[in-house]
Structure formats: C-alpha cells, structure tokens
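The next block holds one structure in the form of structure tokens; read it before the comments.
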Amino acid sequence: MALNFLQSDCPLAIIQDVISRVDAISDYGYANELSTTLPPRPSRSQVLEYITRVVDTLKPRCRVDERLYVVCGELVHLRIRTRNVEDLKYWLNSTEIALNEIVEKDILDHLDFIQRTLHAFESSEYRELCALGLQSALKYEEMYLAKMRGGRIESMGQFFLRLATTATHYTMEEPAMARVLVSGEVGWTYIFKAYFTALAGQVLIPATPIMLFGGRDCGSLASCYLLNPRVTDMNSAMLALMEEAGPILCNRGGIGLSLQRFNTPPKEGCSRGVMALLKLIDSMTMAINSDGERPTGVCVYFEPWHADIRAILNMRGMLARDETVRCDNIFACMWTPDLFFDRYQRYLDGESGVMWTLFDDTASHLCHMYGKEFEEEYERLEQCGFGVDSIPIQDMAFIIVRSAVMTGSPFLMFKDACNKHYHFDLRRKGAIMGSNLCTEIIQHADETQNGVCNLASINLPKCLAIPPPHTAGVPYFDFAALGRAAATATIFVNSMMRAGTYPTVKSQRGVDENRSLGLGIQGLHTAFLMLDLDMASPEARQLNKQIAERLLLNSMKASATLCRLGMKPFKGFEDSKYSLGELPFDSYPGVTLANRNAWRRLRTEIKQHGLYNSQFVAYMPTVSSSQVTESSEGFSPVYTNLFSKVTATGEVLRPNLLLMRTIRSIFPRECARLQALSTLEMAQWSVVGAFGDLPVGHPLSKFKTAFEYDQRTLIDMCADRAPFVDQSQSMSLFITEPADGKLPASKIMSLLVHAYKRGLKTGMYYCKIKKATNNGVFVGGDLVCTSCSL
C-alpha cells in the first residue's frame, strides 16, 4: 500500500503550488541555492523528497530572511497535502485514525455540508495557516495530524473536522449548550460552523490531548490529573501507583501527586525512606515515555517540613549522590506554607538563629491545615520536641534554590494562597495538598476522587482588530472578540469533557462532580508587540488585567447561563462561596473592575441559578500549542528573538517574525539590514545587547526578551491579573547570570519573597537561567548555574 500511494502521480495542483513557491524563493534572490528541480510528471514520493531538500537547504537562511521562513512553512504544508487522501471516506474508515462511531455517523449524516465547508476552508483559513511559518507547519505535520498506513496523513481540514464534529455532537445533546454557543437558530450545521471557524481560525486552541485524540477511540482528552492518595507506606503507595497513576500515565495524562504523608524517615528496615518510592515512580515514567509517543510526566508534591526533604531536593542531575536515588524523569514541587517565608523574612530583617524544623509522620496532620491553624500546630509540635531535625532557615532556602537552578526542580507554590482563594471553605474539608504537573491547576483531591482539568487557550493575536493595509487605522484589542472566544471555549471544553473517557473511576468522579475548566491564553507578548506596546508599559499592564477579567467574566457568564437554561449546577454548589454571591476576585483587596455592572448582574444570576462549572481560568504554559500559532508562549515574554535547537532530525529555527519585519522596514537597504542582523546575531539576538538602550518609542525598543525584563515587573503583572485567575499561573523566572558566572541564591529568593508578598499561588514554575559562561561551579554561599533550560 505504501508503494502504491506514494508512487502514484502527484496531483497537478500541488505541483503547480510547489513551483509557485520555488519561484518566490528565486525572486527573493536564492535561485542559486536551488540545485535540484522537479522531474516531469513526478510521483508523490518525488515531490516529498524535493520539498524536503528545498526546506533543508533554505532553513539556515531563515536566520536572516523571514520571507524564507514563511515560504518554507508553505512548502511543508504542500508536503502535508502530498500525503493527504482526497477521499474523505478513506479517512473515515481508517483503522489508524480510529474515529469514534458517533463522530463518523455525524459526518456521514452531514456529508454535503461538511464537504462544502472543507472546500471553503481550503481557499480561506488554510491559506492563512500556511503563511504562519515553518515551525507551525512542522508541528502540525510531526505531532498533531494523525498518521495512516502507506505514508498517508490526515489533512488540516480533516483535523479540524474531527475536533469540531466531536464538540458539536456533545453540544447538541444539551439544548442549553447550543443556545449559549450560537444566537438565533440552533441546529447541527450552525453549531459545527461556530466550532470549525474558531478552530480553523486559530482563535480557540485546544490542549494537546484534545488535538491528538479528539474524535478518536484512543487516548484521554484531559490534560491534568491531581492525585492525593492516602499513601503512608510502600504497600499503600504500590496500590495507588497501580490503580491510579499507572493508567493515567499510560493515557498520556500529566500527574501532580501529593506524597507528603509518606513521611517515614530512613531507619532500620526502611533504609531509603520515600526515595525508594520516588525511584519507582521515576522508572515507571521513563518506561511509559520510551515508546516515542507524546511524553508525559509526574510532579511530586511535598511540604518543606518533610523529614526527607533534603534527599528529595537532591534527587536530580548532578545533585544525586548515585544512580539508586537519581530521579531525572520526575519533578518535585515545594508546597510551601506562609510560615516558611515569614521565618525567612525574619532572617532578612536581621534576626539570628531563625530555624526551620523537619517532622516525620507524627506530624502528618499538618497536611490538612493551612493559615493560622497550621502555624499554631507547627509551633506547638516544635515546642513539644517532635521535630526530627532543625535547619537554619537560610540554609533551607539555599537548598531549595540550588536544586531549582541546577536541576530545574523543585517548582514552588504557596499553600496558603491556594487554599485561601479556593471556592470552598476548606477548613471543613481539609486543605488542598498539591497541584498538577505544571503548577496552574488548583483542585481539592482526596482518596475518593482525583482532580481533573480539561484545558484550552485563547490565541490573543486573533482578538486584535487589524485595519486593512495602507489605511490610517491602528490595531486595537477587541474585547468583544475575546468575550466571544471565551464563551465558545467554555462550551467547547464542556463538550470535550462530556466526550472524554477517563482512565480511572476516581478521575471520572472528579470530572462529574467538579466540571473544572482551565481556560488560558497564549500570545500575550505577541499581541502587545502587534499593538506596538512594550510588555512592561503602563498601557500593556492595564490591558493585561482587562484581558484576564474579560476571560473570567465571559466564561462564568456562559456557565451561569447554562444553569439559567435548565442545566444543574456542579455538585456542591450550595456549599460553595459562589452560592453566597462571592466571586473569585472578592478574596483579593483593592480590586478595580473594568466591567462592574456586568459583574453585578452576573453575581445575582449565579446566586439565583448556580454555576455549571466550579472553575474557569488557569494560565497554563502553552509550549506545544503555541508553536502551531507562531505566538508567544502563554503569558510569558519570548525567551529569545531567535529560537534555535539542534535535534536528531536537524536544527529547529523560529525567528521573531515581528522583529524581522520591523528590521526590514527600518533598514530598507539590504546591506544595512544584513548588518543589523549580524549585529543581533553577535549579541545572541538581544536588541538591547546589539543596539543599546533605545529611546522609548523607537520601533525596536519593545523587542525585549524575558531575561531582559525586571522579574519583579513580571511578577507584578501576574499579581495584577491574579484576582481573575481562579486557579493559578505557571509563572517561570528568567534569570541572567552575572558576568563572573556567580549567581547568589539570595537573588532568586528575593524574587520568591516578592511573589509571596504579592499573594501569588505559584511562586516559581521553572527557573530558567541564561548563562554567562559554560564553567559553572558551586562555591560557598553562591549559586552558579550549571544548566540552561531554554
């Protein structure tokens, strides 16, 4: 079958499009680099090989010519089309695609309409997708488009078709969901069109599991699982791994696993404490990821008073003393009570002898406490002598930071903030004990149910109103477009929640009872650049808050409308803060609302009718999904203006197209443009490093990277929008080493203290270090980085 398909004649339309793109390359002045030509009447295989040679030849030139980056992306899409099957029914019947029977039936029932929609897509949205760039095209080709036998691959239209059809079917099952999604006439074609337009137009970007498995009889659609089993020894741990963690990992779900109650210190008969369990989890994760499919991961959650905390912090990389305790395939997160930072602040204020006490399982009840109750019980246990060890608070802080910088773990979250701002009063239920793999999901998990979250993000550059070329208008942010996108995303994720199957009974129970949404954003920095705003400017900071507020408002409004139209609120609504008329931002002081009247009306509606979902907004990292949009990741500034990574298949390049186009506009002479790019290259693509401190308003001054912004400003921007992010934000720190290569731990701790004082829930996801040298060493009280996580 492979020989027959790939050796068949390539469709003439594809050949003509390939020739057109190659002509454009010649027009750009690169004809001499195209050493080969297509043979007459080429086969699909010959066209594939030709496109690959052209792209591989021109890829290095993308560093200096953004037009080639776009054309190479268009060529990769032509490579995709060369492998597409024109017969829709072949795709429908493919055993590799394994379409769900319900999805297949819906497509066949509306086949004429769908074929017209796909034809229109080919001549409109698809052209825009093809012009995004090389990384977008490669990500679709290599990861998201399902593969079939004989070298075939599903088309872009078929990809969006299976997602839109799946969502449409489960939306149509509930008339209220359909009525919230579209105004006016409600019918299958109207619902499908709404979803297909949002997906194909890249306004709504589903999470990776939905893109991979949506509409198919394989995989799970949920992204995040939070597990809090009652694990106190190896027997209970093995049971939890086999019954819960194993099935979830095999379904490619990411896990956050609370293990604080496994707190028996090393002793006779138990020589390695919790480290033996962590080694087992590490090996399990490595084995499951060895098949080459979508990798998954585990983050284990511990509080900093755990008896084995120092061993946990030394389990990765060069900090591990030997292979028996090395756990490079999992991450750790410090689930940190306020008391820890209060004591560290006392040390900063000059108090001597401030200690931090470690406890074993005699203090396991501290897991269930937070706030004043935790503080009083912790200090009582100290006074009663139950501690197993005491460490100077600054030494404990140093160990945490050293591990984060040298190994990428631990992450750090603030236990009290996560519990205080939750939508239930947890003093009756017991405290939340952990988050998910990426530190943005806040849910109460216990022995009876897992926390589960289904994710999607809004591509903010698609919410800009862009005036036609050669007109006097300027771009502006369209809040109405964001509001529509938020409502669509709310119904879409609810539909996918209903469509999904879950690996374990406890996971299914968590979905059924909480209906937790995780709606986030991507392309915040890209949107600011398109609006000609520096990310740290007052205008950008104001817009940053307004975006989060509108996202929460319209998502909650859609959820409340579902209940007003007859759907039942989530289980436990009557016991939640929502039933009292409290909204997520009410627990934050001094919040200014841009939509005060809308919130007042919504507050009344929620009290009267309820909320279908219990949670709404989570600012997740969008590492993979933002590659298909060519937007900046999540809410972070870009890490670099030219991403370059060498992989087994060659170099991956992703230039900042907005920067490249700006340089072309201000340096119209080719020699001047190339000189500017050469200067940038020597400065590691730092505009500041290449051209110095440019005046405010200069066309290049806004192109700073994450490492060039004051990290306190980025933390403040997280705090500004925190009242409207009812879950959390995967906030990373971006630190540049000093020229001498010595990075004091106190510098990073000062940022964590700032995040704590600003009331964030996540203090540090990754600590990304831009190295000054490659000769990092560890001396005295200073940290010198030894790895770079770019």
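Quick reminder: no glycine exception, Cβ is built from N, Cα and C everywhere.
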- Task: Quick one: which of Cys224, Cys250, Cys270, Cys671 does Swiss-Prot link to Cys453 by a disulfide?
- Result: Cys224
- Swiss-Prot annotation, substrate site containing Thr208, Ser223, Cys224, Asn436, Leu437, Cys438, Thr439, Glu440, Pro621, Thr622, Val623, Ser624, Ser625 - matching residue among Gly253, Gly254, Gly408, Gly650: Gly254
- Cβ atoms other than its own within 10 Å of the Cβ of Thr622 (substrate binding site), all chains, total 27
- Message: Tell me the Cα distance separating Tyr765 (site 'Important for electron transfer') from Cys224 (substrate binding site), rounded to the nearest angstrom.
- Response: 15
- In sequence order, what residues of the same chain, 6+ apart, have a Cβ less than 8 Å from the Cβ of Ser624 (substrate binding site)? Lys139, Met143, Thr208
- Item | List of residues, in chain order, with Cβ under 8 A from that of Cys453 (disulfide bond) and at least 6 apart | Ala222, Ser223, Cys224, Leu226, Asn436, Ile441, Gln443, Ser516, Leu517, Gly518, Gln615, Ala618, Gln727
- Task: Using the structure shown, find which entry in Tyr765, Tyr766 (the recorded sites) has the sparsest Cβ neighbourhood within 10 Å.
- Result: Tyr766
- Query: Near Tyr766 (site 'Important for electron transfer'), which recorded positions out of Cys438, Glu440, Thr622 have their CA within 10 Å?
  - Reply: Cys438
- Query: Given the recorded positions Cys224, Cys438, which one has the fewest other C-beta atoms within 10 angstroms of its C-beta?
  - Reply: Cys438
- Item | Greatest inter-residue Cα distance in Å for the substrate-binding set Thr208, Ser223, Cys224, Gly254, Asn436, Leu437, Cys438, Thr439, Glu440, Pro621, Thr622, Val623, Ser624, Ser625 | 18
